[in-house]
Structure formats: C-alpha cells, structure tokens
Amino acid sequence: MGRKYVVLGLAVCLFLSSFNEVSCQAEGGIESSNSEFQGSFLEEGEVEVTKIESESQSSSSEQNTKLSMSEENQEDSFDVDKFIESEAVSSREELGQSSSMDEVNRDLEAILDSLNKRDGSDDISKVGESMDAAGIADERRQRLEDIERKLKAAAATNIVVEDGTSKRKSKVEETQEVVKFESESSSASSESRRQSSSSYNSFNKGTGGSEMLGSLGISQSGSWRCYNQDKNGVSEEEDTSIVIPKYDIDSIIKEESTSQGSSSKTSSLIASLTKIVEKHRKEKWSSGVSVSVTKGASSTQTSETVEKLKVTLKKYRGLSARELVARSDFEEILATAARYEELSSASVSHISRLSMYRSVIKEGIKASQRVQLAYARTRLLKEMAVEKQKNVDAELALVKALAERGDMLYVKIFAIKKLISKLEAEKYEVDMTFEKTVANLSRVIEEASQAYEEYHVVVRKWKEEQASEEFSREAIERVEMVWVEFLSTL
C-alpha cells in the first residue's frame, strides 16, 4: 500500500509539472505572437500616420470647418496622448521597440509640447494685448471726447464770429454807401463850393485832411453839419451844429416862372442862387472862425500827441498781421493807429482796411485751430484703426494656429480610430485562437492524463516485475548459499 501511495504521488507531481510546462509553452507562444503582431502593427501605424499627415497637409483648406470638433475633443486628446505615451513606454519595455518608433514618439511629444506652449503663450499674450488695448482705447476715447468738446466750442465761436462779421460787413457797406453818396453830392455841389474852396483848403491843412469826407457831409435829410475837434484831436459833433434846410431848386424856378415873365427867368434864378450861396458862406465862416481859433491853440499839443502815438506804434513793427489780430489789446492798438492816421493827415486810411480784414483773419485763426483739432482727431482715429487691424491680425493668427492644431488632432483621432479598429480585429482573432487553444489544451490534457495512466500501469507492472525479480534473486542467492554449504560439507 505504501508503495502504491508513493507511486500515486509521483504520478500527480509528474502530471502537474507537465501541465505547467504546457501552460508556459502556451503563454510563450501567445507572447511571441503578440510581440510579432504589435511590431508589425506599429510599423503599419507609422506608415499610415505618414500617409494621413500628407493627406491632411493637402486637404488643410477643407478641414478649417472642423474647429468646433477640435474644441470638444481637446480634453480627450490629452488622455489619448497619455495613453499613447504609456502604450509606447510599455511596448518599449516589453517588446524592445525599434529606433524608428522612438523617433516618431519623440516627434509627437515635441509637437504636443509646442502646441501646449503655444496655447499658453497665445492666451497670455492675448490677455496682455486685450488689457493694453482696453487702456489705450479708454485714453483715446477721452481724447476724442475732449476734441469733440473743443470742436463744439469752436463751432459756437464760429457762429458768433460769423454774426459779428456779418454785422461788420453791413456796417462797412453802410459807410461805403454814405461815402459814395457824399462823394456824389460833393461832386454835384462842386460849383457852389468852388468860391470858398481856397479858404477852406487852407483851414483844412491846419486841422487835418483825414476828416475831409466826414467834416462836411450831406445826409439824406439834406442837412449840412460842421464838426469841430476837441483838445485831444478827436472829432466830435457839436451840440449847436449848423443845420441849413435843403432848398428845392425846382420849386424856386417854378415860383420865379409864375411870378415873373420868361425874359426875367434867368436873372431871377441867378439872384436866388447867389443869395443862397452868400447866406451859406456867412453862416459857415461864422462857425468856422471858432473852430480855427480852437485848432490854432491846440496845434502844438496835436504834434506832440502824434509823436507819442508814432513811438507807441513802432513797438509793434515785429508783429505780423495774424499775431496782431490774435492779441488781446488789438482794439486798443487799432484805436491808437486810427487816431494817429487822423492826427497825421494820412492820405490813405490803412487802419480802416485792417479793421475790415480783422474778422477774416480771426476766422482764419479759428479755422486753423479747427484744422488742428480735426488733424488730431484723424490721427487718433488712424491709431485706433491700426490697433483694430493689429487685433484682427492677432485673431487671424490665433485662428490659423487653432486650425492647424485641429488638423493635427483630427489626424491623431483618425489614426487612433484605425488603430483601435485593428486592435479590435486582432483581439477577436486572439480570442478565437484562445478558444481553439483552450479546446486543444483540454484535449491534450485528456491525452496526457491517459498517457500518465498508461504510464502508471506500466510502472506498476515494472515494479511488480522488479519485485518478482528481486524475490527470485534472493531465492537464487539462498540457493547458492545452500549449495555452497553443501559443497563445504563434502
């Protein structure tokens, strides 16, 4: 019985050892097949990746519409990258991957790192540019508001200046009409004044020739007015001015024609005109005597005043007309110059012409200020447009970068999908092979168990034969010993 147990234990050990060897051989075959398959698959994957990259480069214009897909699959791409890296590491550790696959993995890692860095730098630069652009836009908005306020103020002042210029123009036109009317009236009455012209010209040389148009004038009512000068030389209208009523020559002729005959018409007309002229001469020279006496007393003071005004006006020689009009004391300067021309008996009144052009010069100054403001506004708007164009260029560059990254992710996703489909097909084949191998293993185990049973039967027979052989050997030895003992007795 003990021998049977020993033999049975040995048989069990042999069976287990054989089963272990069979399982190790099966695992080795599976691993070798897996390594061969993975190596071939990785090589095919590299070829396919290169083909896909070339196809994606040729069709990059058609894949710009897939940016939304890249945003949704961005997070999954990082997991897939990690999965690819882990699979690559495990395949290198287990299978000893080739150098070409290492280079491909390094290129993929470098591309991913550059894309991540580019995204970070683009985000940071975009945030910084947005902050700078916001600050610059606020400053420019404030400057534009200031310019608009200045333009509104300039427009208001322009309206006021236009009103002033229109009023001044109307005044100048009125004065020109008055001067024209006076010149016409003076030319019409030159015959009546011819007799007193020589004495009046001598008086006018003493009093100043600038009052020639204003000292004697005929208004629309027909009244003649004589002007005197005060101590300062400024002409003022006297309260007791001599007013001579206008005589109608036609009425006089009509009266003479009705009262007298046609033969005495000419003589009566001459007598009437002579009376009018004599009366006017007496009244005029009676008032002019007081004026000449007053002017003779103040002639020395007038010359001193002229010299003082000349010295004062010489200070403004270095100024241009634009600068002169822009001064705050322009009205005082203008009054001083007008007074100088009046006292110095200037033949041409330049100051009146300057006063006429004053509004034009001021309007030119305002226009230049408006031009400067408009130029500043144009420059600001140009800077804003340039900044907006820079933002457009930055956004376009970001769109291009995202499009390129989307193309690369699409290529990776496509390659991974093909890889997964091939792995699934390979897994199916491995499962089918595994099932077949398991069935074969069960059959082989049955055959091995039968062989071990036959072996155990043969061993048992061998042991029995060996036991019988030993028994026969012992019996032979005993017989030999008995035979020897028998022979020793002889």
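Heads up, the Cβ atoms here are built off N, Cα and C, so glycines get one too.
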Of the residue ranges 268-300, 301-333, 433-465, the one that Swiss-Prot records as coiled coil: 433-465
Segment assigned the feature coiled coil in Swiss-Prot (from 136-163, 360-387, 388-415): 136-163
Local confidence of the coiled coil (433-465) - pLDDT mean: 91
